[in-house]
């Protein structure tokens, strides 16, 4: 069905800029954008349906390119403890922290994980999200990593949202491998990753490169295996210290390196040369009350593409609003509203390997867009909350009104 969407203003986000078309119209057909431009220039095509958007601003559908949306349990009790002065180390010694999420995730059935994750993903969708990445990483063995990735696939089948699944088995050391990190990396490379990839559950491979997780050398072994299986890689890097994980990621043409508070100018140069996207996660920065800012000037100076994401997870960023992350990106990281919007559209698409098909309003790309109740694009970063999406369209079909 061909649909003509008109009486709107479009922030197309081509080349990562607002690239505004005033009094715009969009023609969609077969799930794609067939034409976009000024309303007065609409080509003489026969539309099966004409939709008046009432002067709304239209942007690409939002893309949350870094989430841990599938998990069991609840860690709000730890939040209370931390506010009372209990350290993370003390919480971990009591069996809390990521270990508690691993236990709860392992204990939960696939259907239970699906039900809880569905609510979180739907909350993001109500914010205008049409594409989301979901990582595993709370199973830490083949059976439970498979369970998490199956849930991610099922969410993409059951909900009107595009889901990309990332294997993050190298997220933390499982209790059965205490003191044997190298053995665990071997297990991921030799057993887990080949099996999960063969089952079609993996779109990319991620790891956590940090003193409290895995070393650059261990991550590199994982990257070599992933690339050998034809899978792109991503990396949690430079969140708590500088191990030059982002440079390692760039060496393997990673789709993205994420967090990056402690990255250096050398790392930024390497990422720029490789085309690796910097995914900034202000929710975790805020929730943990961190003070080390990502090097925004270096990222801009060297032309690194910058994305923003929610980092939705139970321990460090229980954020169910990607629009809130737009504001945090501006207020915490000194991004401009234009940079922030590019960070959840075109650059987020690139961070998922979807830059050719998603993230901007261009002919031939998927017809994913949101019509907003706003006066100008900067309002999306300005307002804290509010029911701003007027219509959400995915693959040319309206999914909310």
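Glycine residues also receive a Cβ, built from the backbone N, Cα and C atoms like all the rest.
Look at Swiss-Prot and you will find 66, 68, 236, 311 tagged as Zn(2+) binding site. What Swiss-Prot lists as Fe(3+) binding site is 66, 68, 236, 311. Look at Swiss-Prot and you will find 75, 138, 171, 239, 316 tagged as 4-imidazolone-5-propanoate binding site. Annotation comment: Swiss-Prot describes 138, 313, 315 as N-formimidoyl-L-glutamate binding site, evidence class sequence analysis.
This view paints the features noted in Swiss-Prot onto the structure.
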residue	record	DSSP (3 states)
66	Zn(2+) binding site	coil
75	4-imidazolone-5-propanoate binding site	coil
138	4-imidazolone-5-propanoate binding site	coil
236	Zn(2+) binding site	strand
311	Zn(2+) binding site	coil
316	4-imidazolone-5-propanoate binding site	coil
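Within 10 Å of residue 171 (4-imidazolone-5-propanoate binding site), counting CA to CA, the binding-site residues 68, 236, 315 contribute 236.
Under a cutoff of 8 A between CB atoms, and with a sequence separation of 6+ in the same chain, the neighbours of residue 313 (N-formimidoyl-L-glutamate binding site) are 67, 68, 71, 284. Same-chain residues at least 6 positions away in sequence with a Cβ under 8 Å from that of residue 316 (4-imidazolone-5-propanoate binding site) are, in sequence order, 283, 284, 287, 288. Around the Cβ of residue 138 (4-imidazolone-5-propanoate binding site), the same chain contributes 68, 70, 71, 72, 98, 101, 102, 105, 144, 148, 171, each under 8 angstroms and 6 or more positions distant in sequence.
Within 8 Å of the Cβ centroid of the N-formimidoyl-L-glutamate site, not counting the listed residues 138, 313, 315, the chain contributes 68, 71, 75, 98, 101, 137, 314, 316.
Nearest in space to residue 315 (N-formimidoyl-L-glutamate binding site), taking C-alpha to C-alpha distance over the binding-site residues 66, 75, 236, 239, is 75.
It is 14 Å from the Cα atom of residue 66 (Zn(2+) binding site) to that of residue 239 (4-imidazolone-5-propanoate binding site).
Non-local neighbourhood of residue 311 (Zn(2+) binding site): 66, 67, 68, 258, 281, 283, 284, 317, 319, each in the same chain, at least six residues away, with C-beta under 8 Å from its C-beta. In sequence order, 210, 259, 260, 261, 262, 284 constitute the residues six or more apart from residue 239 (4-imidazolone-5-propanoate binding site) in its chain with CB-CB distances below 8 Å. Sequence-distant contacts (6 or more apart, same chain, Cβ under 8 Å) of residue 75 (4-imidazolone-5-propanoate binding site) comprise 96, 100, 101, 314, 315, 318.
Excluding 66, 68, 236, 311 themselves, the residues of that chain whose CB lies within 8 A of the CB mean position for the Fe(3+) site are, in sequence, 67, 135, 258, 259, 281, 284, 309, 312, 313, 317. Among the record's 4-imidazolone-5-propanoate binders, 75, 138, 171, 239, 316, no two C-alpha atoms are more than 21 Å apart, and one pair sits at exactly that spread.
Within 10 Å of the C-beta of residue 315 (N-formimidoyl-L-glutamate binding site) we count 21 further C-beta atoms, all protein chains included. When the neighbouring Cβ atoms lying within 10 Å are counted for each of the binding-site residues (66, 171), the highest count belongs to 66.
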